[in-house]
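Okay, structure first, notes after.
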Amino acid sequence: MPIIEQVGAREILDSRGNPTVEVEVALIDGTFARAAVPSGASTGEHEAVELRDGGDRYGGKGVQKAVQAVLDEIGPAVIGLNADDQRLVDQALVDLDGTPDKSRLGGNAILGVSLAVAKAAADSAELPLFRYVGGPNAHILPVPMMNILNGGAHADTAVDIQEFMVAPIGAPSFVEALRWGAEVYHALKSVLKKEGLSTGLGDEGGFAPDVAGTTAALDLISRAIESAGLRPGADVALALDAAATEFFTDGTGYVFEGTTRTADQMTEFYAGLLGAYPLVSIEDPLSEDDWDGWAALTASIGDRVQIVGDDIFVTNPERLEEGIERGVANALLVKVNQIGTLTETLDAVTLAHHGGYRTMISHRSGETEDTMIADLAVAIGSGQIKTGAPARSERVAKYNQLLRIEEALGDAARYAGDLAFPRFACETK
């Protein structure tokens with residue numbers, strides 16, 4: 001049996017130069033694995049709590065307390081447990097913390113241990129991680145939702161929408177989808193240069209020009225797709241992450257592109273975009289606690305576009321269950337650090353799929369070289385992954401891992417393509 005023998009932890013840096021937690025787990029059979037924890041810039045209020053140190057060190061963002069929690073409490077609690085019983089290990093972590101939001105020991109400390117244990121168990125079983133988690137039938141390669149133009153909290157510009165993504169839905173394979181996305185990315189750089197706009201990068205590797213607004217950004221990306229010799233819609237669709245909580249104020253409303261709007265007015269705005277651009281997905285179109293607005297928006301345009309819940313669900317099965325009951329969104333964004341353990345993440349995915357919701361695996365803006373989410377996307381058959389632009393090594397690491405997985409699967413590999421958006425892709429053709 002792959003019994004946990006040692007647990008270690010350290011403070012490392014993420015892609016934004018902020019500290020994060022890295023955990024190492026050794027099993028009694030000699031197997032060793034390591035996991036690093038990501039961190040978000042725009043975070044949902046209901047996410048698992050990151051334990052930060054405060055004070056002057058690293059501007060208060062140090063994670064020595066979380067590291068110490070692993071060394072002093074979490075590690076001793078899981079040593080001796082069977083690593084291939086992930087649910088048992090994760091339940092021990094949840095029980096040890098004892099809070100609903102993992103605020104005592106820190107979601108970052110708990111998640112690091114959870115993921116490192118899963119990796120160690122996979123290695124002990126001599127299985128790739130995607131196969132260990134997903135079983136023998138895992139074979140679907142996800143559509144890369146590439147954030148090639150950054151705004152909102154990911155860029156120092158006046159663009160309110162946080163992410164403008166391209167989705168190569170018409171590609172025959174993941175390797176070709178990645179090529180198409182990279183070529184559009186480079187074409188966009190040329191388009192921006194021609195327009196005299198900045199080609200500086202945002203947090204997730206996308207360009208961060210200060211453009212006039214949403215439609216101006218979508219027009220630039222559409223030009224880039226055509227410049228790359230591809231067809232907007234049929235070959236490469238568009239997607240947005242509005243991260244609307246970032247421009248919502250209680251008592252005021254949505255302060256968006258220079259005007260204050262209601263949820264209904266935001267819905268009208270998105271509906272107008274659907275008529276003008278080949279959009280297949282809109283994430284967080286409204287604020288994280290605007291349940292009634294979300295339900296009305298979903299009823300209005302949910303049959304035309306994928307509506308992804310991130311901040312409103314925070315990968316939490318309880319919040320997702322409420323969303324399903326109330327008709328909120330039709331897809332779940334999956335971020336392992338929002339809920340804090342692999343088991344709870346998989347429970348949320350199962351609930352989403354049983355409820356008829358699609359799932360999109362996601363990185364965070366503060367990333368590391370850890371590639372676990374690439375394996376997770378294939379393991380759960382999500383058909384979609386969001387892990388930034390095809391640039392910056394912490395983003396590209398995930399794409400490169402997916403290339404390896406596709407190669408390892410050989411003839412069994414299937415690229416999700418437009419089947420990842422069965423109700424919506426027809427709108428783009």
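Placed from the backbone N, Cα and C atoms, the Cβ positions cover glycine too.
The Mg(2+) site in Swiss-Prot is built from ASP241, GLU283 plus one of ASP219, ASP310, ASP311, namely ASP310. Going through GLN91, GLN162, GLN265 against Swiss-Prot, the one listed in the (2R)-2-phosphoglycerate site together with LYS335, ARG364, SER365, LYS386 turns out to be GLN162. Looking at GLU204, GLU283, ASP310, the recorded positions in this record, the fewest other C-beta atoms within 10 angstroms of the C-beta turn up around GLU283. The highest number of surrounding Cβ atoms within 10 Å, among the binding-site residues GLN162, SER365, is found at GLN162. Per Cα geometry, LYS386 is the residue among the binding-site residues LYS335, SER365, LYS386 nearest to GLU283 (Mg(2+) binding site). Summary for the binding-site residues LYS335, ARG364, LYS386: the Cβ-based neighbour count within 10 Å is maximal at LYS386. Comparing GLU204 (active site, proton donor) with LYS386 ((2R)-2-phosphoglycerate binding site), their Cα atoms are 10 Å apart once rounded.
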